[in-house]
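A short worksheet on the structure shown next.
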Amino acid sequence: MSLRVLGSGTWPSAPKMFLLLTALQVLAIAMTQSQEDENKIIGGHTCTRSSQPWQAALLAGPRRRFLCGGALLSGQWVITAAHCGRPILQVALGKHNLRRWEATQQVLRVVRQVTHPNYNSRTHDNDLMLLQLQQPARIGRAVRPIEVTQACASPGTSCRVSGWGTISSPIARYPASLQCVNINISPDEVCQKAYPRTITPGMVCAGVPQGGKDSCQGDSGGPLVCRGQLQGLVSWGMERCALPGYPGVYTNLCKYRSWIEETMRDK
């Protein structure tokens, strides 16, 4: 099992989260690939520019290295995976190509990180976190919030996941531009068979039975969108992505809408 995060330094020997690291300069985001960079969208395509206006890129530390994906929920709140938490975070919105300055981009400082109180870093249960921005984002064509779903998705529901993670696995290749892939919500029995005694109500699996399409390392915290609403967040999966019979595992946001709303109200 592997978390779909990218970190800095050497590769961890155990499960990894999907995090992608890049350096954001004052006016341009230049992507850097560390030894831990291993996952991106597999089997997808370059997203149409501004087609995922809620997509966020999390930037960690004073060097503003790209860490994870996320989704804009309101002018001042972003949601991501809990395992993406770091002491210093900024959020880049309105991005398409991480290697270029873009007129649509906005980079905002995170002033508050609220991890779900029951997050378990060992089991990856309750893997979500809310980020409060220092100032509201400017909403427009390239930057727009998405609503968290009220209802849990039924098996077979068509969804889309997006991110800047690796486009190949196990050998990593990272794209400059945001990638999208269409996948389906997996039946519970498929999810349980792939990951026995591991899946909780706070998790949902998504992929395609034949494999070849998946989120991957570098995509952690990114949005799984079904029928125009935010259904999940990239959380974890197999070390090698897009294997037949092993869908990706996502935070099941239909189980957390009340907590999300209460947290965003409690400023």
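Note: Cβ is positioned from N, Cα and C throughout, glycine not excepted.
Because the structure is a prediction, the values reported are computed rather than measured.
What Swiss-Prot records for 1-34 is signal peptide.
In the predicted model, residues of the domain 'Peptidase S1' (41-265) average a pLDDT of 97. Residues or ranges marked as domain 'Peptidase S1' in Swiss-Prot (evidence: sequence analysis): 41-265.
Residues annotated as disulfide bond in Swiss-Prot: C47-C180 (among others). Counting Cβ atoms from all protein chains shown, C47 (disulfide bond) has 19 others lying within 10 Å of its own Cβ.
As annotated by Swiss-Prot, disulfide bond applies to C68-C84 (among others), with the evidence given as sequence analysis.
The active site, charge relay system feature in Swiss-Prot is assigned to H83 (among others); the stated evidence is similarity to another entry. Of all the Cβ atoms in the protein chains shown, 25 others lie within 10 Å of the Cβ of H83 (active site, charge relay system).
Secondary structure at D127 (active site, charge relay system), taken from DSSP and collapsed to helix, strand or coil, is coil. The feature active site, charge relay system is assigned by Swiss-Prot to D127 (among others).
The disulfide bond annotation in Swiss-Prot covers C159-C226 (among others). Residues within less than 8 Å, Cβ to Cβ, of C226 (disulfide bond) and separated from it by at least 6 positions along the same chain comprise T149, A153, T157, S158, C159, R160, I185.
For C205 (disulfide bond), applying a Cβ distance below 8 Å and a minimum sequence separation of six or more within one chain yields I185, S186, V190, C191, A194, Y195, I199, P247, G248, V249, Y250. The DSSP secondary structure for C205 (disulfide bond) is strand. The feature disulfide bond is assigned by Swiss-Prot to C191-C205 (among others).
Feature annotation from Swiss-Prot assigns disulfide bond to C216-C241 (among others); the stated evidence is sequence analysis. Under the DSSP three-state reduction, C216 (disulfide bond) is assigned to coil, being neither helix nor strand.
Residues annotated as active site, charge relay system in Swiss-Prot: S220 (among others).
Of all Cβ atoms in the protein chains displayed, 21 besides its own lie within 10 Å of the Cβ of C191 (disulfide bond). The disulfide-bonded residues C47, C180, C241 include none with a CA atom within 10 A of the CA of S220 (active site, charge relay system).
Listed disulfide-bonded residues: C68, C159, C180, C216, C241. The one with the lowest count of other Cβ atoms within 10 Å of its Cβ is C180.
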